[in-house]
Structures are given as structure tokens and as C-alpha cells.
Amino acid sequence: MLYYLIDYIERLYHPPGFQVIRFITVRAALASITALGIALGAGRGIIRWLRQQQLGEQVREGEAAGAISHAHKAGTPTMGGIIILLSVGGATLLWGAVANTYVWLSLVAMGGLGVVGFADDYVKTVRKQKDGLNAWYKVAGQVAVGLFVGSVLYFHPDFAAYNTFTFIPFLKDQVLDYDLFRFLELGVDLGWLVYLPVVVFIVTAVSNAVNLTDGLDGLTTGVTAFVSLGLVALVYVSGNAEFATFLNVMHLPGTGELTVFVAAVTAACFGFLWYNGYPATVFMGDTGALALGGAVGSTILMVRKELLLPLLGIVYFAEALSVIVQTSYFKYTRRRTGTGKRVFRMAPLHHHYEARGLHEAKIVTRFWIVTAITVIAALLILRIR
């Protein structure tokens, strides 16, 4: 809200220097500083409160006694995603143009999935049910958020000009149109029949993939910080007419305001990493993982760059794929031979490397490096076409 207040004062009294508040880059920097400050400042108190409430991580017996022992992590405060949500929400509300459709939709997507994650963490930590929220309820919450995001992106007037189009990597002057019914010329708008399921799938898949990645100290936090840095560049370029023309990508008026939101996400991740880095003094839990997945998924959809996701978020993709491959192959071999076999020693992928003897800090660092490289590659694709 400070943005509107300072802008009002500038228009009314014209004090020197106040006009800089209209620059997105300035507000993105201020949002970053604010989010980082909230995460670092409030983090210690929130962690202390979580510990007092005995909202600690529950380690399954198999994890405590198996080849990979996480017994030492039992009791570490979880639900730390509250820190991330407060940091991003506070910074964006202060410095963002919250009336902008892109901004409030991002906040709703992140907050909505954060609520779903909080419910899951609550069942685990307060009710002491290790499996957490019923899987169907969890998926229903993710689908509901996805449907809301998809409906706004398709039916809201601000998106009418390009509601079913998306960027195609490597191909110049080409876009993908999700409206597969357009060529039929029926005179009836049926594009939503394809677009809404696509949005629901992406929001659900990304949030689950981020959640699967959250298994080692600092892994999801660091990976998402790098992914968010890439998104900062994507949203700023998409909202800037000159840069969009130079890079020959779709110019999406208004998306520049998302820079403030994504910058806050990036800074909040770095602030949370202060406490979540190895050895972690707090875990984000599903509260943070699903919220970050909602932020990444909704943002990439809004700037029409979702086809870059497998590269931009390659660690998320690899973690989710490892679980799918492991589960599918185990069921297939058990049905064929009576004995289930595994492709990986453990899944998700980070546990496979743990089982091979790599220290979790080394695994985390290498996954960060891989993410940094693929984020740079994804940004280069904007130019190399």
C-alpha cells in the first residue's frame, strides 16, 4: 500500500525524488529488501513459536531406520512456509500495484495453495496423523486453485487478446494456440475446454513437483530462488514493449508488475534459506512447498512461457519424473514377475543420491548449480531462435 500512498503524495505535492516509485525496477528492489527483512527478522520468532507449539517434523520409521537415516531431523519445526508467505505477501502489498490483475491473481494462487499445504501440515503436526491431509482433499484443493487461475486467465477482459496463446521455444514468430476448436468455426467459444485442463494440470503438477523436491535441507528453497530469478527476467521482458520487441516475444501489457511479486518470492527464499540451509533449523513443510509451486506455476502461465518449465525447473521435473518412473516400473515388474523392481535406489531423485553415499549438502549444492545453468539456458532461448 505504500506504493499508492507515495504515488498519491507525488501527484499532489510533487516532492523531489518521489516519482521513482513509478519505476517497476525500483519497487522490485524495495520489495526484495522488504521480503528479505521480514524473512530474517520475523523468522527467528516464528521458529521459536513453532518449537513452543511442538509443531515439529515427524520422521517415518522407514526413514529413521533405513539406509538413509533422517532420525536427527525429528522434531525440527515445520510449517516454516508461513515465513515465506508473510514475507512475499507483506512485500507485495507494500510495493506492488495490487489492483493489477496479474499481481492479485499471483497472490491468490500462492496463498490458496499455501492454505492447502497448511491444512496438510496441521493434520500431520497437530493431529499427529503422519499421512497428513486426505490425498483426495489435497488434490481437490489444488484443482480448485488451478480452475480459479485458469478461469481468470481465460475469461477476464485483461487477458482476452491472448487467452489461449503461449510462447514456443526455438521457433521465431510462432505461438501455440490451445483453442483446438477454433478451426471448426462453430461460432461458439470452446477454447476453455482445452485451456482450463491445461492450467489445472500445470498448477497441480508444479506444486506437487516442488513438494516432492522438498526433502533435503535448503534444496527446494535454493532451487526456487534461482527459478524465481529467471522468472523476474521473463516477467519484466514480457511487460516491457522495447525488450519484448527486441527479443521477439509476446508483449503482455501489465505483466511488468509481476516483477515486484516475483522479486519478493526470490528474496523470501533467500531469507528463509538463512534458517533452512544445512543443518536446517526449520522446514517449510507443505505450507511453503505448495505455496511456492503455486507462485511458480501461476507466474509462468501468466507470461505464457509454460513450455519453458521443463528446462527452467529441471530439478522439479526430474524429481517428479523419478517418482513416476519408480512407481510405474515397480508395479509393472511386480505384476509381470511377482517381485517389484526399482530403477532408482530410492525416489525422489535426491534420495537416490543419498543412498549412493553422497552427503545431502553436496547433493543440494549440485542441484542448485544445475538449476542455475538451466535457468540461464532458458533465458538464452528467448534470443536464440
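Cβ from N, Cα, C; glycine included.
Within the chain carrying the transmembrane segment (23-43), a Cβ under 8 angstroms from the stretch's Cβ atoms is held by residues 3, 80, 83-84, 86-88, 90-92, 94-96, 232, 236, 239, 256-257, 259-261, 263-268, 270-272, 274-275, 282, all 6 or more beyond its ends. What Swiss-Prot lists as transmembrane segment is 23-43 (among others), and the listing cites sequence analysis.
As annotated by Swiss-Prot, transmembrane segment applies to 79-99 (among others), with the evidence given as sequence analysis. Long-range Cβ contacts of the transmembrane segment (79-99) within its own chain (Cβ-Cβ under 8 Å, at least 6 residues beyond either end) map to 1-4, 27-28, 30-32, 34-36, 38-39, 42-43, 46-47, 50, 55, 106-107, 110-111, 114, 117-118, 121-122, 125, 257, 260-261, 264-265, 267-269, 271-272, 275-276, 282-292, 295.
The transmembrane segment annotation in Swiss-Prot covers 103-123 (among others). Within the chain carrying the transmembrane segment (103-123), a Cβ under 8 angstroms from the stretch's Cβ atoms is held by residues 55, 78-79, 81-82, 85, 88-89, 92, 96-97, 129, 132-133, 137-138, 141-142, 144-145, 148-149, 152-153, 203, 207, 211, 257-258, 260-261, 265, 285-295, 297-299, 302, all 6 or more beyond its ends.
Within the same chain, residues 101, 105, 108-109, 112-113, 115-116, 119-120, 163-164, 191-192, 195-196, 198-204, 207-208, 290, 294, 298, 301-302 sit at least 6 positions outside the transmembrane segment (135-155) and bring their C-beta atoms closer than 8 Å to a C-beta of that stretch. Summarising the annotation, Swiss-Prot assigns transmembrane segment to 135-155 (among others) and lists sequence analysis as the type of evidence.
Within the chain, the transmembrane segment (186-206) has long-range Cβ neighbours (under 8 A, six or more residues past its boundaries) at 109, 113, 139, 142-143, 145-147, 149-151, 153-155, 163-164, 178-180, 293-294, 296-298, 300-301, 306, 309, 313, 316, 320. The transmembrane segment annotation in Swiss-Prot covers 186-206 (among others).
Per Swiss-Prot, transmembrane segment is recorded for 218-238 (among others).
Residues annotated as transmembrane segment in Swiss-Prot: 258-278 (among others).
Swiss-Prot lists 282-302 (among others) with the feature transmembrane segment. Sequence-distant contacts of the transmembrane segment (282-302) (same chain, at least 6 residues past either end, Cβ-Cβ under 8 Å): 43, 46-47, 50, 57, 73, 76-85, 88, 102, 105-106, 109-114, 116-118, 120-121, 132, 142, 145, 149, 153, 199, 202-203, 205-211, 213-214, 220-221, 224, 227-228, 231, 234-235, 252, 255, 258, 261-262, 265, 269, 272, 275-276, 308-309, 312-313.
Swiss-Prot lists 307-327 (among others) with the feature transmembrane segment, giving sequence analysis as the kind of evidence.
Annotation source Swiss-Prot lists transmembrane segment at 362-382 (among others), citing sequence analysis. Beyond the transmembrane segment (362-382), the same-chain residues lying 6 or more positions past its ends with a Cβ under 8 Å from any Cβ of the stretch are 169-170, 216-219, 222-223, 226-227, 229-230, 233-234, 237, 247, 249, 278, 308, 311-315, 350, 353-354.
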The transmembrane segment (258-278) vs the transmembrane segment (307-327): 3 or more CB pairs under 8 Å: no
